[in-house]
Structure formats: structure tokens, C-alpha cells
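Right, one structure below, let's go through it.
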Amino acid sequence: MFDCLLLLSPVLLFLPLVIPVPPPGNASPAPCRRCCDDLKPQEGPPAPQTGDQKSGLNQIPEVRTFINMTILKGDKGNRGDRGTPGKSGEEGAPGSQGPMGSKGTKGQAGPPGDPCKTQDTAFSVGRRKSLHSVDYYQALVFDTEFVNLHGHFNMFKGKFYCYVPGIYFFNVNIHTWNFKETYLHIMRNDKEQAIVYAQPSERSIMQSQSLMLPLELNDEVWVRLYKRERENAVYSDDVDVYITFNGYLIKPTLE
């Protein structure tokens, strides 16, 4: 062991030791001057020294790092997925009514309606027998049916009943009897609307009357014979039809 220490001692003797030695007493170290500074010492009391100067250590300046983010900004990324919809908010109060818009253009015509719902009615009836009036007022009854849509004409009473209100056209044709008066009215309910008249004559003639009437629901239209002092009669036979009564709807009230 002693031999080992002898071998290491020369190495230890030649190691330089640097030990800071403070100046003797309380004397402050001389300030450092440059060669170009004035060598004349500063007059007046020396400037106070800071703690670092008293300790003989130089103060290290503070270093703050500043990063320019605009230089480090990367490329724009892809658009993210759409998020889930949020909850519906509370229903707001209704707004005020807006101004009326301008009138639109006329639309195209619609398809034809259901034939079953078409409003129409018509009749055409005749009489093959002659008739002498026996009462002052007598309804003219018919025995031959040509047309009777929907059965609106009652053959037993000789009356047309209105089931479709609107404007109607009516026509009656009769044949007079020789030497006998012919006096008839086209009636609406119990009110005379038009007359068919022929004075007694040696010759029999055909007489006709036509008119249009506005009818309401359940109105009745019929032909009435009117007897005065003279005999009232109309002529017909089994071979030809001389007496006819016709009517049809022109325009319904509600379309």
C-alpha cells in the first residue's frame, strides 16, 4: 500500500490547484478598465456596488425565447365530419300575416267529372187519346213516354217534379177539335205561366207554346185544361200522336 502511494504522489504534486483568493481585508477589487479609458481616477465617492459585484460574479442576462407562429403555420387540414344535430328549440310565436300576393295565372282545365254526378234531367211525353174537359180545371194526363230521365215526370199525375233546381225549357203541342174551343195553361205549381188557346173553327189546327222557367226544388210543372161556357177539347187518335209535352234542364243553379 505504501508503494502505491509513492507511485501516485508525483502525479498529485503536479496537479495545478486554482483557488480564488479574496483580496486582503475588506478592500474592493479594482474596477476593470479598457486601454482606451481615461486613467484618471473618478473623483468623489465610489458608486455603490450591487450584490453580484460585491461577490465578484458577473450577472448573466435573461434570455426569453420568441416563436413566430406565422412561420410555423401548416397547411389547411381536411374538413371534419358533421356533428350530431342539437335539440330542437322552443316553438316561437306565430308571425304577423304577410301582404297578399299577386293573382296567379289561370290553371289548366281539369279532367272530366264523374258521369254519375252530372246534373241533368229531361222528359218528352205524348197522348194518343182525345180529351173533353168535364171540370173547370182538369190536368192533362199523358199515356206515351218518349224520354223520362231519372223518372222525374210522373205519368199518372201528368206532372214534372223538379229535383235539380235551375233554368228549364218547356214546350207543349196540341191539336184542336173542329167547332170546339181549346184553352190550356202551362202551370208552375198553382200559378198559370203561359196559355195555349184556339177559338172554335171549322178546321182543326196545331197549336204550340214554349217558355223557360226558373225552378226550385220540388216545384211542379204541368198542363191544365180550363173550361168555360163552351166545350173545351183537344184531339188525338191511336195512329198518330198529336199532343206532346217536353221539358229539359238548361242550366243548374249549383254546378
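Even glycines carry a Cβ here, placed using N, Cα and C.
Here TrEMBL flags 1-20 as signal peptide.
Here TrEMBL flags 26-59 (among others) as region 'Disordered'.
Marked as region 'Disordered' by TrEMBL: 71-121 (among others).
What TrEMBL lists as compositional bias 'Basic and acidic residues' is 73-90.
Taken from TrEMBL, the feature domain 'C1q' covers 116-255.
For the compositional bias 'Basic and acidic residues' (73-90), the number of residues in each DSSP class (helix H, G, I; strand E, B; coil) is 0 helix, 0 strand, 18 coil. Predicted-model confidence for the domain 'C1q' (116-255) is 89, expressed as mean pLDDT.
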